[in-house]
Amino acid sequence: LFLAVCAVGIGGTFQYGYNVSIINAPTQLKNHIHKFLNETWASRYGKELDPDLLTFLWSVIASIFSLGGLCGALFGGSMAIRLGRKGALLMNNVIAILASILMGISFPTGLFELLIAGRFLIGINSGIGLCVQPLYIGEVAPKHLRGGMAMGSSIFLTGGILTGQIIGLRELLGGEAHWPLLLSSSCVPAFAQLLFLPWFPESPRYLLIDRGDELSCAKALKRFHGSSDYGREMEDIQREFFALDGEKPRKPWQLFTDRGVRWQLITIIVMTMGQQLSGINAIYFYATYIFKQAGISAEKIPYVTLGTGACECLTALTCGLLIDSVGRRYLIIGGYLLMSLWSTVLTFSLTYQELYPWVPYISMASIFAFILSFGLGPGGITNTLTAELFIQSSRPAAYMIAGTISWISFFTIGMLFPFIVNGLKQYCFVVFLLECFFAAVFIFFVIPETKNKSFLDIKKEFHKLNFGRNA
């Protein structure tokens, strides 16, 4: 089971974290690409590139990743149904390798359009991976380990961010001579998954419930749980199989018209938007400024920034160890409330940053505390709950909806965030404080504890909310 999580993670959420990270890595990558765009334009048209057009092209290169991610989320669930969870992940690596080739040859060929196409394709790869990987892990995990195993998605995502920050240092691939290699290095995890994932079985739930293949399901369960311990999991899958009574996998729009999943759907929409709009992007934006104010020299800031990536990775691991003993509710509510607290502290410390020499250190501590709180709660639990709140026939569609909301929110905050910061300055954290607080209140009143419960048991818990207490 542990090795299966590693095999799906390396080509799944790791790719998302890695490719978000390398474009924002603590390097002069932006300057290198600007130089490449200028030189390419001059050689083609014999004149310099207009500064406004240069800014626009850079924005397209940076942001088209999220548009690709949205496309990937829209058909990731369908791929998981048609090709199987494992088949969809394996096919997804072909997209990653093609993207890496396009980005790698853009510099020697002098075609910046290939860079844009490559970023779009790697976005599609990340969108599919974010949808299908947690689906596979949630379906192969036994009840008592489901939370910890589902945290594998967040662990690999944060591991991808940290790896991208390290590889992107100027001493490694962040230098001017190597930036095309940095952008095309996402083929390495793709090849790793193509090498290791074929050795693992398909999701047993998919084999029995979607394909009706009881023999292959039993074989897969024996591989994952051992010949003597697979019986309990087999019974649980059979119970869900009979409860569904041959119901086919559902389309996303069918969930919106089904009263039986109304509150589950509202929950994943609120949680997914809450995760993206929580202020984590603002924290990374302010990090460099605060480190400078604390007296850290400009050349050392990239190495201090690695600490933020290490923080997220550490908390994802910690959350993975705690989730099945502490429970989902305590961690996610606690995470949001702590983020509200650190947003308050940061608002005050940024306001009085110039007043006392020790205030920047309070700001720096708050940044790390905010990231730790995010990783311990919303960063890790959101994907886990998306897997748990839906039964087999609705789960792929639910991940498509959650993925779409996530990528739209990611794109929206990326577009609006500079205006929010310019308009509100440090008081932008008041907006994030309120968002985090209201997310915590919603979760407290709506979401039941799902620890050690089967998917059918969780559905019964929501039955009261969807149809009234007397239903």
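Each residue's number is its place along the chain shown, starting with 1.
Heads up, the Cβ atoms here are built off N, Cα and C, so glycines get one too.
Automatic prediction, not curation, is the source of TrEMBL annotations.
For the domain 'Major facilitator superfamily (MFS) profile' (5-451), the model's average pLDDT works out to 85. Positions annotated as domain 'Major facilitator superfamily (MFS) profile' by TrEMBL: 5-451.
Marked as transmembrane segment by TrEMBL: 56-76 (among others). For the transmembrane segment (56-76), same-chain residues at least 6 beyond its ends with a Cβ under 8 Å from one of its own Cβ atoms are 16, 19-20, 23, 30, 33-34, 37, 49, 88, 112, 115-116, 119-132, 399-400, 403-404, 406-408, 410-411, 414-415.
According to TrEMBL, the feature transmembrane segment maps to 88-108 (among others).
Counting only same-chain residues 6+ beyond the ends of the transmembrane segment (114-137), those with a CB under 8 A from a CB of the stretch are 4-5, 8-9, 11-13, 15-16, 19-20, 23, 33, 60-62, 64-77, 79-80, 85-86, 88-89, 92-93, 95-96, 98-103, 105-106, 149-150, 152-153, 156, 183-184, 186, 190, 203, 383-384, 386-387, 395-396, 399-400, 403, 406-407. According to TrEMBL, the feature transmembrane segment maps to 114-137 (among others).
Long-range contacts of the transmembrane segment (149-167) within its own chain (CB-CB distance under 8 A, at least 6 residues past either end) are made by residues 1, 5-6, 8-10, 12-22, 25-26, 130, 133-134, 137-138, 140-141, 173-174, 182, 185, 305-306, 309-310, 312-313, 315-317, 319-320, 323, 375, 379-380, 383-384, 387-388. What TrEMBL lists as transmembrane segment is 149-167 (among others).
The annotation transmembrane segment is assigned in TrEMBL to 179-200 (among others). The list of residues near the transmembrane segment (179-200) in space but at least 6 beyond its ends in sequence, with Cβ under 8 angstroms from a Cβ of it, reads 3-4, 6-8, 10-12, 14-15, 18-19, 22, 25, 27, 29, 32-33, 86, 89-90, 93, 96-97, 99-101, 103-104, 106-108, 115, 118, 122, 125, 167-168, 173, 223.
The annotation transmembrane segment is assigned in TrEMBL to 265-289 (among others).
When Cβ-Cβ distances below 8 Å are used as the criterion, the transmembrane segment (301-323) is approached by residues 21, 26-27, 147-148, 150-152, 154-155, 157-159, 161-162, 165-166, 169-170, 283-284, 287-288, 291-292, 331, 367-368, 371-377, 379-381, 384, 451 of the same chain, each at least six residues removed from its ends. Taken from TrEMBL, the feature transmembrane segment applies to 301-323 (among others).
According to TrEMBL, the feature transmembrane segment maps to 330-352 (among others).
The transmembrane segment feature in TrEMBL is assigned to 358-376 (among others).
The transmembrane segment annotation in TrEMBL covers 397-421 (among others).
Marked as transmembrane segment by TrEMBL: 427-447 (among others).
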So which residues does the transmembrane segment (358-376) touch in its own chain, when a touch means Cβ under 8 Å and the partner is 6 or more beyond its ends?
154, 158, 278-280, 283, 286-287, 290-291, 293-295, 307-308, 311-316, 318-319, 322, 331, 334-335, 338-339, 342-343, 345-346, 349-350, 352
